[in-house]
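Residues annotated as ATP binding site in Swiss-Prot: Arg315, Asp364, Tyr365, His366, Pro367, Leu368, Ser369, Lys370, Thr371, Ser425, Lys426. According to Swiss-Prot, the coiled coil annotation covers 526-564, on the basis of sequence analysis. Taken from Swiss-Prot, the feature compositional bias 'Low complexity' covers 75-102. Under the heading compositional bias 'Polar residues', Swiss-Prot lists 115-133. Among the features that Swiss-Prot reports, region 'Disordered' is placed at 1-29, 53-133. Positions annotated as region 'Pseudokinase domain' by Swiss-Prot: 263-525. Among the features that Swiss-Prot reports, region 'Knob domain' is placed at 565-662. Summarising the annotation, Swiss-Prot assigns zinc finger to 26-55 and lists sequence analysis as the type of evidence.
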Amino acid sequence: MASAGKPALDDSRRGTGSPKIKGRENAKDTLCRNITIYGRCRYEDKGCAFNHDPHKVNSSNQSDSKKRFNVDSPSFTPSLLSSNGSSPTSTPATTKKMTTISPKAANAAPFQPRSVVSRSNASTPGLRQDTVTPDWTVAEVQEFVPQGFDNSHLAALQGNGNGPITSTSPFDPFVTTPTPLSAGGAVGPVQPNPYSHDAAAALGGAAFFPGAAGFQQPVQYHLYAPIGPHNQNTLGYQRNVHDLFLPNDFREELQKKAAATLQTLPNTQLPAQIDYFHSLVPLDLNHQKNATIFGFPSWVYKAQSSKDGNYYALRRLEGFRLTNEKAIRSVQAWKRVCNGSVVTVHDAFTSRSFQDSSLIFVTDYHPLSKTLAEQHLGAGQQRFQGRHNVQHIPEQILWGYMTQIANALKAIHSNGLAARVIDASKILLTGKNRIRLNACAIMDVVQFDSQRTVADLQRQDLVNFGQLIVTLGANSPTVMHNPTKAMEHFTRAYSPQLKNSVFWLLNGMQKDQDRNIDVFITGISSQLMSTFDSALHLDDQLTSDLSRELENGRLVRLMAKLNFVNERPEYEHDRQWSENGERYFLKIFRDYVFHQVDAQGDPVVDLGHVITCLNKLDAGTEEKITLISRDEQSCFIVSYKELKKALESSFQALMKPARRMH
């Protein structure tokens, strides 16, 4: 068997011998190198054997490739199939037969790949189906076109160590193709979003990594962000100096409150210290004793605490003697009342610092606050006004007072307490139409032995509430001496809704129906929404005013750092602190910012120029400026980026321990 197979092997080896080295018989199909290098060949007409037509070479290559790879060639069909993986027995006859192709192969179907097999075919691999149509063809598959990916970012994305790059999201706002995989249109690289602080979002979602992996761009602190509301009639490019600071009226109000808080009274006859309070300043405008409300003369002082350094209001009841220790403990329940319409009570104690037995209540201090009696029922206003010149309080302001008092009573009654003192002389006006109930806990101590129930006292609060509104509406503290006439006057001045609400409060002691503060709040819910909307507008205004001062603190710190470095006399002869280098730039930069003069030599006081230069210095922009020395003999062109670097290095050198010990 072995000897019979040798002649076939020898024939096959002789048929596939190594090719001989040929000469230049195929030079006519090779493009001349002179054409490739110089574009022409000087020996083309002098016997150059190579081809000088590039188009002819390309066409010949294409025809050659067609000869080598032709999809129309018949598919390969083996002559003998092995069964169960066993190799057939080789014979000389069969060997010669296997080296040839049957003539029937010319009529065979063209070869088509079957890389995808249906589930039905995969479940029965042993069955052979001769007439099976392919499940899919190459033409049905759409060409893959990547979206939102730029090759320039490939190295940066692979360097994050987050594994392979995931596919981009089909919902890309920067890609205008209608489908996520479009074979017809080509998609260019995605333009980065310049307003995004996320590296992945800047690429339009191409790099879908977590935001923490990307570099977070710093906030542009040198830009002032004008937060609304905006009610000015200026153009978009116009800015006022007042846009960068608080409004003048608001600033003056805050400064006056700060001055009133820090006010002291020298050479006073008041005690130097009461318990842990000192620096007493009287707050009463009327020096006459009045015991109408509490049954004892009361005085109000401002004092500073030795414990926390804050300022508090001390209300003193003159001549009060405590007979029951449980009475003063009732103040502990008022400490739990935390409401914006109630003055917070902090402590209560007795003292003999005024050479008598006094009861002291410690509450929050609101500087420059007035009472409603001083604001609307002042004696000076009523003395010189005739009957027809009385200015009624606007109804919207009265509704604002009612909603705030209702809010205070809601908090007090929810804690099982009663205000018991709802009087115009004991309600503080701490801001524009902003009121707070005051002196609420005093009656619980003074009248501790009272037999009235809490429910009865809460209904009495409703009656006192209604009487207060009628008194304010009539602008007269004695109007309730004649209730019928007072209500007739109130009805003529205000709307039926306000009148009905006041009538309901005045009938609070009647037990014909359930009368409490919750029922009253339900009845005035529409006005509560109006007051709430006004509070939201005020919050927006305060936020806008606060945003103006947001960047000014940063500029102050920058100016302080600049002045720390410039012209230090103790380092004048220190070579390491010479002003010939980068510190000299900072010195003449200060002259550029603050010491400019006009053409006539007059000083230029331009706040906008100062703020602009400091903001550019803090941002470290690439903008270049011209700095001229004081003797006008030297001129330097530097950028804000270089100035910022010089300022930081100089300040760090100043902060070194060796420098501070020098």
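Including glycine, each Cβ sits where the backbone N, Cα and C put it.
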**Fill in**
Row Tyr365 (ATP binding site), column other C-beta within 10 angstroms, all chains, value 20
**Prompt:** Which residue counts does DSSP yield for the region 'Knob domain' (565-662) in the helix, strand and coil classes, in that order?
**Reply:** 53 helix, 12 strand, 33 coil
**Message:** Using DSSP and collapsing to three states, where does Thr371 (ATP binding site) fall: helix, strand or coil?
**Reply:** strand
**Asked** If you draw a 10 Å sphere around the Cβ of Ser369 (ATP binding site), how many other Cβ atoms fall inside it, taking every protein chain shown into account?
**Response** 21
**Message:** I want to check the contact list for Thr371 (ATP binding site): same chain, sequence separation of six or more, C-beta distance under 8 angstroms. What comes out?
**Reply:** Ala424, Ser425, Lys426, Ile427, Leu428, Leu429
**Message:** Within its own chain, what residues at least 6 apart in sequence put their Cβ under 8 Å from the Cβ of Pro367 (ATP binding site), listed in sequence order?
**Reply:** Lys256, Lys257, Ala258, Ala260, Thr261
**Request:** Compute all pairwise C-alpha distances among Arg315, Asp364, Tyr365, His366, Pro367, Leu368, Ser369, Lys370, Thr371, Ser425, Lys426, the residues listed as binding ATP, and give the largest one in whole angstrom.
**Result:** 17
**Message:** I'd like the number of other C-beta atoms within 10 A of the C-beta of Lys426 (ATP binding site), please.
**Reply:** 21
**Item:** Spatial neighbours, same chain, of Arg315 (ATP binding site) - Cβ under 8 Å, 6+ residues apart
**Value:** Ser298, Trp299, Val300, Ile360, Phe361, Thr363, Ala439, Ile442
**Item:** Mean per-residue pLDDT computed across the coiled coil (526-564)
**Value:** 88
**Request:** Kindly assign Lys426 (ATP binding site) to one of the three DSSP-derived states: helix, strand or coil.
**Result:** helix
